[in-house]
Amino acid sequence: MGTKVNIIVGSHVWAEEPDVAWVDGEVVKINGDEAEIQAANGKKIVSKLSKLYPKDMEAAAGGVDDMTKLSYLHEPGVLQNLATRYELNEIYTYTGNILIAVNPFQRLQHLYDSHMMQQYKGAPFGELSPHVFAVADVAYRAMIHEGRSNSILVSGESGAGKTETTKMLMQYLAYLGGRAATEGRTVEQQVLESNPVLEAFGNAKTVRNNNSSRFGKFVEIQFDKHGRISGAAVRTYLLERSRVCQISDPERNYHCFYLLCAAPQEELDKYKLENPRTYHYLNKSNCYDLVGVSDAREYLATRRAMDIVGISTQEQV
Ligand SMILES: Nc1ncnc2c1ncn2[C@@H]1O[C@H](COP(=O)(O)OP(=O)(O)OP(=O)(O)O)[C@@H](O)[C@H]1O
(Lines of atoms letter the chains of each structure in order from A; the text may use other names.)
(Lines give C-alpha, C1' and ligand atoms only; values in the text may rest on other atoms or scores of the structure.)
Protein backbone atom coordinates (compact mmCIF):
# COMPACT_ATOMS: atom_id res chain seq x y z
CA MET A 1 0.00 0.00 0.00
CA GLY A 2 2.79 2.42 0.88
CA THR A 3 3.34 4.79 -2.01
CA LYS A 4 6.40 6.76 -0.99
CA VAL A 5 5.67 10.37 -1.79
CA ASN A 6 6.99 13.40 0.00
CA ILE A 7 4.04 15.14 1.66
CA ILE A 8 4.54 18.85 2.22
CA VAL A 9 2.36 21.87 2.99
CA GLY A 10 0.09 22.29 -0.02
CA SER A 11 0.01 18.58 -0.90
CA HIS A 12 -3.37 17.10 -1.76
CA VAL A 13 -3.95 13.99 0.30
CA TRP A 14 -6.39 11.37 1.50
CA ALA A 15 -6.87 11.13 5.26
CA GLU A 16 -8.77 8.58 7.31
CA GLU A 17 -12.13 9.72 8.67
CA PRO A 18 -14.14 7.20 10.71
CA ASP A 19 -17.58 8.18 9.31
CA VAL A 20 -16.77 8.03 5.62
CA ALA A 21 -13.54 5.99 5.54
CA TRP A 22 -11.50 8.56 3.60
CA VAL A 23 -11.70 12.30 2.93
CA ASP A 24 -9.56 14.36 0.62
CA GLY A 25 -8.01 17.68 1.52
CA GLU A 26 -4.95 19.89 1.47
CA VAL A 27 -2.12 19.86 3.98
CA VAL A 28 -2.03 23.31 5.64
CA LYS A 29 0.49 22.73 8.40
CA ILE A 30 3.11 20.14 9.41
CA ASN A 31 4.28 19.68 13.00
CA GLY A 32 6.92 16.97 13.32
CA ASP A 33 5.26 13.74 12.24
CA GLU A 34 1.74 15.23 12.28
CA ALA A 35 -0.11 17.16 9.61
CA GLU A 36 -3.12 19.42 9.70
CA ILE A 37 -5.43 19.00 6.75
CA GLN A 38 -8.16 21.25 5.48
CA ALA A 39 -10.60 18.63 4.22
CA ALA A 40 -12.86 19.19 1.22
CA ASN A 41 -15.89 18.59 3.48
CA GLY A 42 -14.95 21.69 5.50
CA LYS A 43 -13.46 19.85 8.51
CA LYS A 44 -9.96 20.32 9.86
CA ILE A 45 -8.25 16.99 10.43
CA VAL A 46 -5.04 16.22 12.28
CA SER A 47 -3.33 13.03 11.18
CA LYS A 48 0.01 11.26 11.38
CA LEU A 49 1.98 11.96 8.23
CA SER A 50 2.56 8.25 7.81
CA LYS A 51 -1.23 7.69 7.56
CA LEU A 52 -1.75 10.11 4.70
CA TYR A 53 -1.91 9.06 1.08
CA PRO A 54 -1.26 11.31 -1.90
CA LYS A 55 -4.27 12.24 -4.03
CA ASP A 56 -3.95 12.13 -7.80
CA MET A 57 -5.09 15.60 -8.89
CA GLU A 58 -4.95 14.63 -12.55
CA ALA A 59 -7.19 11.57 -12.22
CA ALA A 60 -9.64 11.12 -15.10
CA ALA A 61 -13.05 12.60 -14.25
CA GLY A 62 -14.84 9.34 -15.05
CA GLY A 63 -12.26 7.12 -13.34
CA VAL A 64 -10.15 4.49 -15.08
CA ASP A 65 -11.43 1.10 -16.28
CA ASP A 66 -8.34 -0.72 -15.00
CA MET A 67 -6.87 -0.02 -11.57
CA THR A 68 -3.38 -0.61 -12.93
CA LYS A 69 -3.77 2.72 -14.75
CA LEU A 70 -4.06 4.61 -11.44
CA SER A 71 -1.12 6.82 -10.56
CA TYR A 72 -1.33 5.75 -6.92
CA LEU A 73 -2.48 2.23 -6.11
CA HIS A 74 -3.59 2.68 -2.49
CA GLU A 75 -6.89 2.03 -0.71
CA PRO A 76 -8.43 5.52 -0.99
CA GLY A 77 -7.37 5.74 -4.64
CA VAL A 78 -8.95 2.39 -5.46
CA LEU A 79 -12.16 3.20 -3.56
CA GLN A 80 -12.40 6.63 -5.16
CA ASN A 81 -12.05 5.09 -8.60
CA LEU A 82 -14.74 2.48 -7.91
CA ALA A 83 -17.08 5.12 -6.45
CA THR A 84 -16.59 7.46 -9.42
CA ARG A 85 -17.43 4.67 -11.84
CA TYR A 86 -20.36 3.46 -9.74
CA GLU A 87 -21.91 6.94 -9.93
CA LEU A 88 -21.92 6.49 -13.71
CA ASN A 89 -23.46 3.01 -13.42
CA GLU A 90 -20.13 1.47 -14.42
CA ILE A 91 -20.20 -1.39 -11.96
CA TYR A 92 -17.28 -3.33 -13.44
CA THR A 93 -13.59 -2.40 -13.21
CA TYR A 94 -10.49 -4.45 -13.97
CA THR A 95 -7.39 -4.86 -11.88
CA GLY A 96 -5.25 -6.44 -14.54
CA ASN A 97 -7.11 -9.63 -15.41
CA ILE A 98 -9.24 -9.63 -12.26
CA LEU A 99 -12.73 -8.18 -12.50
CA ILE A 100 -14.16 -6.17 -9.63
CA ALA A 101 -17.97 -5.96 -9.56
CA VAL A 102 -19.79 -3.50 -7.34
CA ASN A 103 -23.37 -4.55 -6.59
CA PRO A 104 -25.70 -2.10 -8.36
CA PHE A 105 -28.79 -3.21 -6.38
CA GLN A 106 -30.90 -2.52 -9.44
CA ARG A 107 -31.50 -4.37 -12.68
CA LEU A 108 -29.19 -3.01 -15.36
CA GLN A 109 -30.93 -4.83 -18.20
CA HIS A 110 -28.84 -3.27 -20.97
CA LEU A 111 -25.67 -4.76 -19.47
CA TYR A 112 -26.72 -8.34 -19.97
CA ASP A 113 -28.91 -8.53 -23.08
CA SER A 114 -28.14 -10.65 -26.15
CA HIS A 115 -26.65 -7.67 -27.96
CA MET A 116 -24.08 -7.37 -25.17
CA MET A 117 -23.29 -11.08 -25.42
CA GLN A 118 -22.65 -10.72 -29.16
CA GLN A 119 -20.33 -7.80 -28.52
CA TYR A 120 -18.14 -9.69 -26.09
CA LYS A 121 -17.99 -12.90 -28.09
CA GLY A 122 -14.40 -13.27 -29.24
CA ALA A 123 -13.44 -9.67 -28.39
CA PRO A 124 -9.85 -9.36 -27.11
CA PHE A 125 -9.76 -8.94 -23.32
CA GLY A 126 -9.57 -5.27 -22.37
CA GLU A 127 -10.81 -3.98 -25.72
CA LEU A 128 -14.36 -3.43 -24.49
CA SER A 129 -15.51 -2.05 -21.13
CA PRO A 130 -14.86 -4.34 -18.16
CA HIS A 131 -17.57 -6.97 -18.01
CA VAL A 132 -18.29 -10.37 -16.50
CA PHE A 133 -18.87 -11.69 -20.06
CA ALA A 134 -15.30 -10.77 -20.98
CA VAL A 135 -13.99 -12.95 -18.14
CA ALA A 136 -16.14 -15.87 -19.26
CA ASP A 137 -15.08 -15.31 -22.86
CA VAL A 138 -11.39 -15.49 -21.99
CA ALA A 139 -11.91 -18.69 -20.00
CA TYR A 140 -13.90 -20.28 -22.82
CA ARG A 141 -11.39 -19.35 -25.50
CA ALA A 142 -8.45 -20.51 -23.40
CA MET A 143 -10.23 -23.84 -22.91
CA ILE A 144 -10.76 -24.21 -26.67
CA HIS A 145 -7.22 -23.20 -27.61
CA GLU A 146 -5.34 -25.03 -24.88
CA GLY A 147 -7.70 -27.99 -24.63
CA ARG A 148 -7.66 -27.69 -20.85
CA SER A 149 -10.21 -26.98 -18.14
CA ASN A 150 -10.51 -23.44 -16.88
CA SER A 151 -11.89 -22.11 -13.63
CA ILE A 152 -13.43 -18.79 -12.68
CA LEU A 153 -13.39 -17.94 -9.00
CA VAL A 154 -16.12 -15.63 -7.73
CA SER A 155 -15.55 -14.30 -4.24
CA GLY A 156 -16.83 -11.53 -1.99
CA GLU A 157 -18.67 -10.92 1.25
CA SER A 158 -22.34 -11.77 1.77
CA GLY A 159 -24.54 -9.67 -0.53
CA ALA A 160 -21.64 -8.65 -2.77
CA GLY A 161 -23.26 -10.27 -5.81
CA LYS A 162 -21.52 -13.66 -6.19
CA THR A 163 -24.70 -15.60 -6.94
CA GLU A 164 -25.90 -13.10 -9.54
CA THR A 165 -22.44 -12.89 -11.11
CA THR A 166 -22.19 -16.67 -11.30
CA LYS A 167 -25.57 -16.83 -13.02
CA MET A 168 -24.39 -14.30 -15.59
CA LEU A 169 -21.21 -16.28 -16.20
CA MET A 170 -23.28 -19.41 -16.70
CA GLN A 171 -25.69 -17.58 -18.99
CA TYR A 172 -22.84 -16.35 -21.16
CA LEU A 173 -21.15 -19.76 -21.28
CA ALA A 174 -24.49 -21.30 -22.21
CA TYR A 175 -24.76 -18.72 -24.98
CA LEU A 176 -21.28 -19.57 -26.28
CA GLY A 177 -21.66 -23.32 -25.97
CA GLY A 178 -25.37 -23.63 -26.68
CA ARG A 179 -26.99 -25.32 -29.62
CA ALA A 180 -30.29 -24.48 -31.25
CA ALA A 181 -33.16 -26.05 -29.30
CA THR A 182 -34.23 -29.13 -31.18
CA GLU A 183 -36.38 -31.20 -28.92
CA GLY A 184 -37.71 -29.67 -25.71
CA ARG A 185 -35.01 -28.96 -23.19
CA THR A 186 -31.39 -28.42 -24.05
CA VAL A 187 -28.40 -29.13 -21.87
CA GLU A 188 -27.71 -25.43 -21.42
CA GLN A 189 -31.30 -24.88 -20.34
CA GLN A 190 -30.81 -27.60 -17.75
CA VAL A 191 -27.57 -26.00 -16.62
CA LEU A 192 -29.27 -22.64 -16.11
CA GLU A 193 -32.37 -24.09 -14.47
CA SER A 194 -30.25 -25.76 -11.81
CA ASN A 195 -29.99 -22.32 -10.19
CA PRO A 196 -33.64 -21.85 -9.15
CA VAL A 197 -33.64 -25.38 -7.70
CA LEU A 198 -30.48 -24.79 -5.68
CA GLU A 199 -31.71 -21.39 -4.52
CA ALA A 200 -35.07 -22.71 -3.37
CA PHE A 201 -33.41 -25.24 -1.08
CA GLY A 202 -30.18 -23.50 -0.18
CA ASN A 203 -30.98 -19.79 -0.07
CA ALA A 204 -32.70 -17.76 2.61
CA LYS A 205 -33.28 -14.19 3.66
CA THR A 206 -30.59 -12.96 6.05
CA VAL A 207 -30.01 -9.54 7.54
CA ARG A 208 -27.59 -8.76 4.74
CA ASN A 209 -29.16 -10.39 1.72
CA ASN A 210 -32.76 -11.37 0.88
CA ASN A 211 -31.45 -14.21 -1.24
CA SER A 212 -28.37 -15.35 0.62
CA SER A 213 -26.80 -18.65 -0.47
CA ARG A 214 -26.23 -20.62 2.70
CA PHE A 215 -23.84 -23.04 0.96
CA GLY A 216 -20.86 -22.93 -1.35
CA LYS A 217 -20.89 -24.45 -4.78
CA PHE A 218 -18.60 -25.65 -7.50
CA VAL A 219 -20.34 -25.56 -10.86
CA GLU A 220 -18.71 -27.60 -13.59
CA ILE A 221 -19.85 -27.10 -17.15
CA GLN A 222 -18.51 -29.68 -19.57
CA PHE A 223 -17.90 -28.97 -23.25
CA ASP A 224 -17.26 -31.33 -26.14
CA LYS A 225 -14.33 -30.87 -28.51
CA HIS A 226 -16.39 -28.51 -30.67
CA GLY A 227 -16.94 -26.21 -27.68
CA ARG A 228 -20.57 -27.23 -27.25
CA ILE A 229 -21.97 -27.86 -23.78
CA SER A 230 -22.23 -31.59 -23.22
CA GLY A 231 -23.08 -31.75 -19.53
CA ALA A 232 -22.81 -30.16 -16.15
CA ALA A 233 -22.28 -31.07 -12.52
CA VAL A 234 -22.83 -29.04 -9.40
CA ARG A 235 -21.09 -29.86 -6.15
CA THR A 236 -22.32 -28.10 -3.04
CA TYR A 237 -20.50 -27.50 0.21
CA LEU A 238 -21.41 -26.82 3.82
CA LEU A 239 -25.11 -26.02 3.82
CA GLU A 240 -26.01 -24.05 6.94
CA ARG A 241 -28.21 -26.80 8.37
CA SER A 242 -28.90 -25.12 11.70
CA ARG A 243 -31.14 -22.62 9.87
CA VAL A 244 -33.79 -25.30 9.37
CA CYS A 245 -34.66 -25.38 13.05
CA GLN A 246 -33.27 -22.08 14.27
CA ILE A 247 -34.04 -18.68 12.77
CA SER A 248 -34.22 -15.25 14.30
CA ASP A 249 -36.02 -12.08 13.32
CA PRO A 250 -35.82 -10.59 10.66
CA GLU A 251 -34.38 -13.58 8.81
CA ARG A 252 -36.23 -16.42 7.12
CA ASN A 253 -35.83 -20.15 6.90
CA TYR A 254 -34.96 -21.67 3.50
CA HIS A 255 -37.14 -20.33 0.69
CA CYS A 256 -38.57 -23.81 -0.07
CA PHE A 257 -40.73 -23.85 3.07
CA TYR A 258 -42.50 -20.61 2.17
CA LEU A 259 -42.83 -21.69 -1.44
CA LEU A 260 -44.56 -24.89 -0.33
CA CYS A 261 -47.03 -22.87 1.76
CA ALA A 262 -47.78 -20.78 -1.33
CA ALA A 263 -48.48 -23.74 -3.63
CA PRO A 264 -51.75 -23.87 -5.63
CA GLN A 265 -54.80 -24.67 -3.45
CA GLU A 266 -55.17 -28.27 -4.63
CA GLU A 267 -51.62 -29.03 -3.51
CA LEU A 268 -52.11 -27.25 -0.19
CA ASP A 269 -55.16 -29.48 0.37
CA LYS A 270 -53.36 -32.59 -0.78
CA TYR A 271 -50.37 -32.11 1.53
CA LYS A 272 -52.36 -30.44 4.33
CA LEU A 273 -50.24 -27.33 4.15
CA GLU A 274 -51.18 -24.23 6.06
CA ASN A 275 -50.08 -20.66 6.54
CA PRO A 276 -46.35 -20.41 7.37
CA ARG A 277 -47.30 -18.66 10.62
CA THR A 278 -48.63 -21.95 11.97
CA TYR A 279 -45.29 -23.74 11.75
CA HIS A 280 -42.87 -23.82 14.65
CA TYR A 281 -39.80 -23.72 12.41
CA LEU A 282 -41.08 -20.67 10.55
CA ASN A 283 -42.80 -18.58 13.22
CA LYS A 284 -39.69 -17.98 15.31
CA SER A 285 -39.15 -14.99 13.05
CA ASN A 286 -41.75 -12.37 12.18
CA CYS A 287 -40.56 -12.23 8.61
CA TYR A 288 -42.66 -14.24 6.16
CA ASP A 289 -42.77 -12.22 2.96
CA LEU A 290 -40.00 -10.79 0.82
CA VAL A 291 -40.50 -7.40 -0.79
CA GLY A 292 -40.95 -7.80 -4.54
CA VAL A 293 -41.04 -11.61 -4.41
CA SER A 294 -44.13 -13.78 -4.90
CA ASP A 295 -43.62 -17.13 -3.20
CA ALA A 296 -46.54 -18.52 -5.24
CA ARG A 297 -44.82 -17.59 -8.48
CA GLU A 298 -41.48 -18.87 -7.21
CA TYR A 299 -43.12 -22.18 -6.27
CA LEU A 300 -44.29 -22.67 -9.85
CA ALA A 301 -40.90 -21.56 -11.22
CA THR A 302 -39.12 -24.04 -8.95
CA ARG A 303 -41.39 -26.91 -10.00
CA ARG A 304 -40.79 -25.99 -13.63
CA ALA A 305 -37.03 -25.85 -13.06
CA MET A 306 -37.16 -29.27 -11.39
CA ASP A 307 -38.98 -30.65 -14.45
CA ILE A 308 -36.34 -29.20 -16.79
CA VAL A 309 -33.42 -30.41 -14.68
CA GLY A 310 -34.92 -33.88 -14.86
CA ILE A 311 -36.25 -34.46 -11.35
CA SER A 312 -39.21 -36.82 -11.78
CA THR A 313 -42.65 -35.87 -10.50
CA GLN A 314 -42.44 -38.69 -7.99
CA GLU A 315 -39.15 -37.41 -6.63
CA GLN A 316 -40.59 -33.92 -6.46
CA VAL A 317 -43.53 -35.17 -4.40
N1 LIG B 1 -25.14 -7.53 -11.22
C2 LIG B 1 -26.24 -7.32 -10.52
N3 LIG B 1 -27.29 -6.69 -11.07
C4 LIG B 1 -28.41 -6.45 -10.36
N5 LIG B 1 -28.57 -6.80 -9.05
C6 LIG B 1 -27.56 -7.43 -8.45
C7 LIG B 1 -26.34 -7.74 -9.13
N8 LIG B 1 -25.53 -8.36 -8.25
C9 LIG B 1 -26.21 -8.46 -7.11
N10 LIG B 1 -27.43 -7.90 -7.21
C11 LIG B 1 -28.47 -7.77 -6.15
O12 LIG B 1 -27.88 -8.01 -4.91
C13 LIG B 1 -28.49 -9.12 -4.24
C14 LIG B 1 -27.42 -9.91 -3.51
O15 LIG B 1 -26.54 -10.50 -4.45
P16 LIG B 1 -26.10 -12.03 -4.38
O17 LIG B 1 -27.19 -12.86 -3.81
O18 LIG B 1 -25.56 -12.40 -5.71
O19 LIG B 1 -24.92 -11.90 -3.31
P20 LIG B 1 -23.93 -13.03 -2.79
O21 LIG B 1 -22.56 -12.46 -2.88
O22 LIG B 1 -24.17 -14.30 -3.55
O23 LIG B 1 -24.35 -13.15 -1.27
P24 LIG B 1 -24.36 -14.43 -0.29
O25 LIG B 1 -22.95 -14.71 0.06
O26 LIG B 1 -25.17 -13.90 0.88
O27 LIG B 1 -25.07 -15.53 -1.01
C28 LIG B 1 -29.19 -9.89 -5.35
O29 LIG B 1 -30.31 -10.61 -4.87
C30 LIG B 1 -29.59 -8.80 -6.31
O31 LIG B 1 -30.78 -8.17 -5.87
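Here, residue 1 is simply the first one shown, and the rest follow in order.
A Cβ is built for glycine as well, from the same backbone N, Cα and C atoms used for every other residue.
The following features are taken from TrEMBL:
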DOMAIN    8-57  domain 'Myosin N-terminal SH3-like'
DOMAIN    62-317  domain 'Myosin motor'
BINDING   GLY156, GLU157, SER158, GLY159, ALA160, GLY161, LYS162, THR163  ATP binding site
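All features noted in TrEMBL, drawn onto the structure.
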residue	record	CB count, 10 Å
GLY156	ATP binding site	13
GLU157	ATP binding site	9
SER158	ATP binding site	12
GLY159	ATP binding site	16
ALA160	ATP binding site	16
GLY161	ATP binding site	19
LYS162	ATP binding site	20
THR163	ATP binding site	19
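Secondary structure counts, DSSP: the domain 'Myosin N-terminal SH3-like' (8-57) has 3 helix, 30 strand, 17 coil. The 6 Å Cβ screen around ligand 1 retains GLY156, SER158 from the binding-site residues GLY156, GLU157, SER158, ordered by sequence position. The ATP site is defined by GLY156, GLU157, SER158, GLY159, ALA160, GLY161, LYS162, THR163, and by the 8 Å test on Cβ atoms against their centroid, the other residues of the chain that qualify are ASN103, ASN209. Annotation note: SER158 (ATP binding site) sits in a coil segment as assigned by DSSP. Per-residue confidence over the domain 'Myosin motor' (62-317) averages 95 (mean pLDDT, predicted model).
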